[in-house]
Amino acid sequence: MYSFNTLRFYLWETIVFFSLAASKEAEAARSAPKPMSPSDFLDKLMGRTSGYDARIRPNFKGPPVNVSCNIFINSFGSIAETTMDYRVNIFLRQQWNDPRLAYNEYPDDSLDLDPSMLDSIWKPDLFFANEKGAHFHEITTDNKLLRISRNGNVLYSIRITLTLACPMDLKNFPMDVQTCIMQLESFGYTMNDLIFEWQEQGAVQVADGLTLPQFILKEEKDLRYCTKHYNTGKFTCIEARFHLERQMGYYLIQMYIPSLLIVILSWISFWINMDAAPARVGLGITTVLTMTTQSSGSRASLPKVSYVKAIDIWMAVCLLFVFSALLEYAAVNFVSRQHKELLRFRRKRRHHKSPMLNLFQDDEGGEGRFNFSAYGMGPACLQAKDGISVKGANNNNTTNPPPAPSKSPEEMRKLFIQRAKKIDKISRIGFPMAFLIFNMFYWIIYKIVRREDVHNK
């Protein structure tokens, strides 16, 4: 009986103990704080009750905020010489530390927030100093990213398309190398409050397989600081320089080769008979007009600049060679017809000789109407009115050399035609050689000398 009562006592004591333990655990579970929901956490971090003010920068009245910038280029193109600008699509990423956003209450190491939360935090007032036009992307939603880390680091990424000014030096066009810049600057905060700097690794990244229609984007990126000084203070500024080397394929096909063929075509007139005036004149005028049109077309897509470009020199020299070929035929035609002018001059001269000259000339035997030998004048020269000398008798017995026999009209015609043909023969060699020498100097200067000058800048 005693053992049974003892056993029942111990059993009752055990039940009471476990009941008390269970009740304490339930009470502890009820009294333990519930895990904070994301909404409650954000309200506590940057809501109205948090004391966070997006109008005030981090470290207010303290050291400036350092903002690390990074650019990822999605596309690069639409480089326009007439407006001197270029179009680029980029991801702009900014990172800074805001101690007010550091947290320990939430288990995640970082929070990716909705873009609508951007209005609730402070952001740098970055703008592009050489921007001519820009727009954000909102398809299918705002292309923006906001990420907050446990230590208060903030990552702000945004996708934008920019049209940026790019002053170009077209002296070497179309063998030029252009440098286009992108300047990132603070609009309102001076360097006492905000400093921009490039990210140490991969500050400027380019999408794989990115190609440009007319340019080669060189791999080296020139990153610089461009601090601006205004009346309102000194403002932070950073810039990236993109070196673009123009490809000549399009211009060789559209400008250089056609103009070269037109110049060669103008040389065909040197092998055409000089008597075929319609053919040679028609060919010369056609090549001149074609070359003029080609020269005008080469300037259609370029701005009206005050200096001379490489393409202008090429077109001007080609036009000069074509026009010179036309003038060459004018010279050939003029020389070949000179014998007619000479014969006409001779006939005119004989027609205007004084009739008195016949009184002083001997008739085959020296017995003319007046025989000056009888008067002792000898072979002296009497000067007629038109300058014709007549032999007299008192010239100290000296005689003038007999006049050279004049050439016949046919001989004169052949002489001048040979001279004209000689001009054509010289032109057949002279024009190509002169154009070849010009090409040697042209390509050496623009492809080697000036290119080295550009790279050394």
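Even glycines carry a Cβ here, placed using N, Cα and C.
Neighbour density for SER157 (glycine 1 binding site): within 10 A of its CB lie 16 other CB atoms from the protein chains shown. For ARG93, SER157, the entry in Swiss-Prot reads glycine 1 binding site, with the evidence type similarity to another entry.
Sequence-distant contacts of PHE235 (strychnine binding site), defined as residues of its own chain at least six apart whose C-beta falls under 8 angstroms from its C-beta, comprise GLU185, SER186, PHE187, TYR189, THR190, MET191, THR227, LYS228, HIS229. Look at Swiss-Prot and you will find TYR230, ASN231, THR232, GLY233, LYS234, PHE235 tagged as strychnine binding site, backed by similarity to another entry.
Look at Swiss-Prot and you will find THR232 tagged as glycine 2 binding site. Classification of THR232 (strychnine binding site) by DSSP places it in coil, neither helical nor stranded. If you take the C-beta of THR232 (strychnine binding site) and look for same-chain residues 6 or more apart in sequence within under 8 angstroms, you find THR190.
Sequence-distant neighbours of CYS166 (disulfide bond) (same chain, 6+ apart, CB under 8 A from its CB) are ILE79, MET84, ASP85, TYR86, ASN130, GLN178, CYS180, ILE181. Annotation source Swiss-Prot lists disulfide bond at CYS166-CYS180 (among others), citing similarity to another entry.
In the three-state DSSP assignment, the secondary structure recorded for CYS226 (disulfide bond) is coil. Counting every protein chain shown, the Cβ of CYS226 (disulfide bond) has 15 other Cβ atoms within 10 Å. If you look up Swiss-Prot, you'll see CYS226-CYS237 (among others) marked as disulfide bond, on the strength of similarity to another entry.
For 391-410, the entry in Swiss-Prot reads region 'Disordered'.
If you look up Swiss-Prot, you'll see 1-28 marked as signal peptide, on the strength of similarity to another entry.
Under DSSP, LEU289 (site 'Important for obstruction of the ion pore in the closed conformation') is assigned to a helix (H, G or I) in the three-state scheme. If you look up Swiss-Prot, you'll see LEU289 marked as site 'Important for obstruction of the ion pore in the closed conformation'.
Mean predicted confidence for the topological domain 'Extracellular' (29-250): the pLDDT average there is 91. Summarising the annotation, Swiss-Prot assigns topological domain 'Extracellular' to 29-250 (among others) and lists similarity to another entry as the type of evidence.
Swiss-Prot lists 273-277 (among others) with the feature topological domain 'Cytoplasmic', giving similarity to another entry as the kind of evidence.
Residues annotated as topological domain 'Extracellular' in Swiss-Prot: 299-309 (among others).
The topological domain 'Cytoplasmic' annotation in Swiss-Prot covers 331-425 (among others).
Swiss-Prot lists 447-457 (among others) with the feature topological domain 'Extracellular', giving similarity to another entry as the kind of evidence.
It is CYS180 that, of the recorded positions CYS180, LEU289, has its Cβ surrounded by the most other Cβ atoms within 10 Å. Cα to Cα, TYR230 (strychnine binding site) and ARG93 (glycine 1 binding site) are separated by 26 Å.
Same-chain residues lying 6 or more positions outside the topological domain 'Extracellular' (299-309) and placing a CB less than 8 Å from one of its CB atoms are 81-82, 84, 170-173. Between the binding-site residues ARG93, LYS234, the minimum number of other C-beta atoms within 10 Å of a residue's C-beta occurs at LYS234. Most Cβ neighbours within 10 Å, among the binding-site residues TYR230, ASN231, GLY233: GLY233 holds that distinction in the structure as shown. The two recorded residues ARG93 (glycine 1 binding site) and CYS237 (disulfide bond) have their Cα atoms spaced 16 Å from each other.
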